[in-house]
Amino acid sequence: MKLLTAKNGINGELVIPADKSISHRSIMFGAISKGTTIVNNFLKAEDCLSTIAVFKQLGVRITEKNEQIMIEGKGFEGLTAPSSRLDAGNSGTTMRLVLGILAGCPFTSEIAGDASLNRRPMERVMKPLREMGADLQGTAEAEFPPLKVTGNTLHGIEYHMPIASAQVKSAILFAALQAEGTTKIIEKEQSRNHTEEMIKQFGGKIQVEGKEIIVTGPQQLIGQEVTVPGDISSAAFYLVAASILANSEVLLKQVGINPTRTGILDVLMQMGANIEERQLDEQNQAADLIVRSAQLHACEIQGEIIPRLIDELPIIALAATQATGTTIIRDAQELKVKETNRIDATAEELTKMGANIEPTEDGLIIHGPTSLHGATVDSHGDHRIGMMLQIAALLTAEPVELLNPEAVNISYPEFFTDLAKLVQEDPS
Ligand code: S3P
């Protein structure tokens, strides 16, 4: 696919598509609660549709009417054995969180994903769930999907997380809601807290103090109405694009600004970006963001901020190619086990376009500014790599060809058409 260029900058406004993490969880919480859950502004992208398909296979009625998703929740005990293998597609969030739910359901099921997901590590969720009493087995290679789960009686545990991961934390929390006794999780670094927030929203009890989370089970949750804010991980592509392109000003509407997700704003501001927050909607933790062109400078990114911007690191790396000085990203080894190895893919593809970028064991070193040029690049089947490369292409004078562009459908099917609305026609 030939990518857009934008030598006259980008201008205009966009409503950012719904948050992927919250959309997944809205289906899961709806399914395990009693009564009806209504979801407004659900993200109809491939990953979240995988979650809907999995819960339909588990016997949950999920329908759509007037742009709202309705889930007829039956409680954990109302889920039923699927008649065929569950398919999580490309979605790590679906697979890992569903394992926490299936761990306590009294039937056997199998779950698998696409080729990328079947290569991603599952031991990180299998270990704590087994400690809680779950029966989980790899069907082929020990810690990789397809996985077989036989629901068991679960009991609470104390678990010190060896990695910062909201998916692992959430799987344990779903199991803890079904377990007898108290579960205490001690996070390595604080990761996105949507599961904790939604346990409260759905009438459950949870105690959070710093990095310690305590849940006592079993608990019965009650269906709710959920309104999903825009995804800051999708907004990130425009935050960087408008910053690094001259003559740009973009208004991004209804962006989720949960503090466990806003590392991208902190880093861009530290690099000298011009971003303003307006129309704060405190109830939905959302705001409009206005971003204008700016001269960026390098910075160092490491430590506890990493989980707050883990999915934004490829697009931050692109911003760094346009910033003055050397940007160093450390402590981000988790990038190696995302939809693709995002450290290698970012370095490899941006190098093809003329960037000066080195992969390291746990991050990237980027020397800027460099001017980027045309090339044939590859998304590696990873939505966030594909979208980052399209933003890089906006800067080039020559054409850029993207292989495997359909990867963007995982989180943002309208990405190319939305971006085209902001690209200024050349008046000459
Ligand atoms: C997610 C957690 C993060 C993130 C992923 C979505 C979630 O993964 O990268 O895109 O919704 O819980 P990890 O928990 O593996 O860090």
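Every residue gets a Cβ built from N, Cα and C, even glycine.
The annotation phosphoenolpyruvate binding site is assigned in TrEMBL to Lys20, Gly92, Arg120, Gln167, Arg342, Arg384. What TrEMBL records for Lys20, Ser21, Arg25, Ser165, Gln167, Asp311, Lys338 is 3-phosphoshikimate binding site. Sequence annotations record features per position, and here TrEMBL assigns active site, proton acceptor to Asp311.
TrEMBL feature annotations superimposed on the structure.
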residue	record	DSSP (3 states)
Lys20	phosphoenolpyruvate binding site	helix
Gly92	phosphoenolpyruvate binding site	helix
Arg120	phosphoenolpyruvate binding site	coil
Ser165	3-phosphoshikimate binding site	coil
Asp311	3-phosphoshikimate binding site	helix
Lys338	3-phosphoshikimate binding site	coil
Arg384	phosphoenolpyruvate binding site	helix
Tell me, which binding-site residues from Ser21, Arg25, Ser165, Asp311, Lys338 are within 10 Å of Gly92 (phosphoenolpyruvate binding site) if we use the C-alpha atoms? Lys338
When you put Lys338 (3-phosphoshikimate binding site) at the centre and draw a 10 Å sphere around its Cα, which of the binding-site residues Lys20, Arg120, Gln167 have their Cα inside it? Arg120
Restricting the binding-site residues Arg25, Arg120, Gln167, Asp311, Arg342, Arg384 to those with Cβ under 6 angstroms from ligand 1 leaves Gln167, Asp311
Per-residue Cβ crowding (10 Å cut-off), top of binding-site residues Arg120, Arg384: Arg384
Greatest Cα separation in angstrom, residues Lys20, Gly92, Arg120, Gln167, Arg342, Arg384 binding phosphoenolpyruvate per the record, works out to 19
Lys20 (phosphoenolpyruvate binding site), Cβ-centred 10 Å count of other Cβ atoms over all protein chains shown, is 24
Which listed residue (Ser21, Gln167) has most other Cβ within 10 Å, given these are binding-site residues: Ser21
Does DSSP give Arg25 (3-phosphoshikimate binding site) helix, strand or coil? helix
Roughly how many Å separate the Cα of Asp311 (3-phosphoshikimate binding site) from that of Arg342 (phosphoenolpyruvate binding site), to the nearest whole number? 9
For the binding-site residues listed here (Lys338, Arg342), tell me which residue's CB has the most neighbouring CB atoms inside 10 Å. Arg342
Pairwise Cα distance for Arg342 (phosphoenolpyruvate binding site)/Ser165 (3-phosphoshikimate binding site) [Å, integer]: 16
